[in-house]
Amino acid sequence: MSTKSAHFRVTHALTLWAVLYCSVLQPWGRDPMWGRLNCLLKCGQDVDNHMEMGKKLLAAGQLADALSHFHAAVDGDPKNYMAYYRRATVFLAMGKSKSALPDLSRVIELKPDFTSARLQRGNLLLKQGKLDEAESDYKKVLKSSPTEKEEKEASGQLTKSDELQRLLAQSRRSFQKKDYVTAAAELDAIIDTCVWDAASREMRAECWIELGEVGKAIGDLKAASKLRNDNTQAFYKLSTIYYNLGDHEMSLNEVRECLKLDPDHKQCYSHYKQVKKLNKQIQSAEELIQEQRFEEAVSKYEAVMKTEPNVHLFSLLAKARICHALSQASRAISVCSEALESNPENVDLLKDRAEAYIQDEQYEEALNDYETASKHSEGDRQIKEGLEKAQRLLKQSRKRDYYKILGVKRTAQKKEIIKAYRKLAQQWHPDNFQDPVEKKKAEKKFIDIAQAKEVLTDPEMRTKFDHGEDPMDPESQQGHSFHGGSQHFQGFNPFGSGPFNFKFNFN
């Protein structure tokens, strides 16, 4: 706390005590009237001191300290119109016009011919869009022997107010005719002067909504919600605008502000229940995605589409997030494609569908999606890596694909690989075939199956294969102990530790 502030608080307290003391507590002795008058004169001196100190601080730009002294002066003498006027001056300098207005009205009540206060009040009323009240003040200034400067200002403001009245009537007619472009232009001119006119801003917001200028509408409604303390309708409209834009969080924030002002507001309460339910579903779905519980997240987003089937942006959001959640599964392709119909340049959707194509082994389609995405998001590292992966897998798919040989997905676990291998090994074991041609074909197939199992169950070999190398290809893997000939199966049990033990009879 500053020394000046501390000094003010002590002085202010002493002043109030002195007034109480002079009025009630002081024992006046032989001459009560004279004693009380003498005491009040001392209190009056304190008020004068506060006024003088307040003026000095105001001139020095120390507004907060000046305001404190004028507060004390008003408390010390509630009928001192100059104390109210000075305090109003400080409020205006601080940009607190709402606080200044009651003080100016009190000045005029105490001294109706105080033209400066009436002129200032008229200017504030004009800015608030209270044109009739402002005109009344300007007319009274002109009838009360104003100075030349005051007369000139009052006449100019009165002319401006008349013009604004005309413009306001025109804007209402234009709005009723649904000529929103003209109405908005007329309201622009009004708001340039009536900057604190909530009603004009709300009407202009309606024009912006009709013209599709939603951002401008939000700006006007936010201003209107601050200009009137009880403006529940502005908060309700803001909430519905954000809702229709698919911004459930902002919609929830604005409708809560409405309910703070009026907990029983029917429109806001009904809308609040809808937004809260939707918001909870979306938050829950996102948490499930973070936890990699993708199927549950999909169910939540499907519920979102049922909760709000009429706002297209929420359906798009749900489809996009379902696409993302399912990007590790081939069934994501149709969902992603549906979402991309409305926004074909959405980079995140393209990346998710590309990943889904890869999981479904549609490498050319994946490559196309990554290439499209790269046109709209240059320098994206994920796209670059995806392109390289899709190109590598496409090239690899045109050679020997061990995943295809065993009929398993690229994400298959070791247990799935061994199970698939055993099933195919039983089916294609050469001993099962008597015809020489069929036996020869089965031998080749059997070797491919065994090699696929060896590569995919060995972490190092599988990693090489996933990066585009074939560990069983003599050209790329020199010196490897297993090069793919039948001679390499001497003593090799293709079933590992399994229950099968087939005899090898290669001819």
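Sequential numbering from 1, following the chain as shown.
Each residue, glycine too, has its Cβ placed from N, Cα and C.
For reference, TrEMBL has these:
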{"type": "DOMAIN", "residues": "401-469", "note": "domain 'J'"}
{"type": "REGION", "residues": "137-159", "note": "region 'Disordered'"}
{"type": "REGION", "residues": "466-494", "note": "region 'Disordered'"}
{"type": "REPEAT", "residues": "47-80", "note": "repeat 'TPR'"}
{"type": "REPEAT", "residues": "81-114", "note": "repeat 'TPR'"}
{"type": "REPEAT", "residues": "115-148", "note": "repeat 'TPR'"}
{"type": "REPEAT", "residues": "232-265", "note": "repeat 'TPR'"}
{"type": "SIGNAL", "residues": "1-29", "note": "signal peptide"}
Problem set entry | Contact set, same chain, for the region 'Disordered' (137-159): CB under 8 Å, 6 or more residues outside the stretch | 113, 115-116, 118-119, 121-123, 125-126
Exercise. So what's near the repeat 'TPR' (81-114) in sequence-distant terms, Cβ-Cβ under 8 Å and 6+ beyond its ends?
Worked result: 47, 50-51, 54-55, 58, 63, 66-67, 70-71, 73-74, 120-121, 124-125, 127, 144-145, 196
For this session: Please average pLDDT over the domain 'J' (401-469) for the predicted structure.
Result: 89
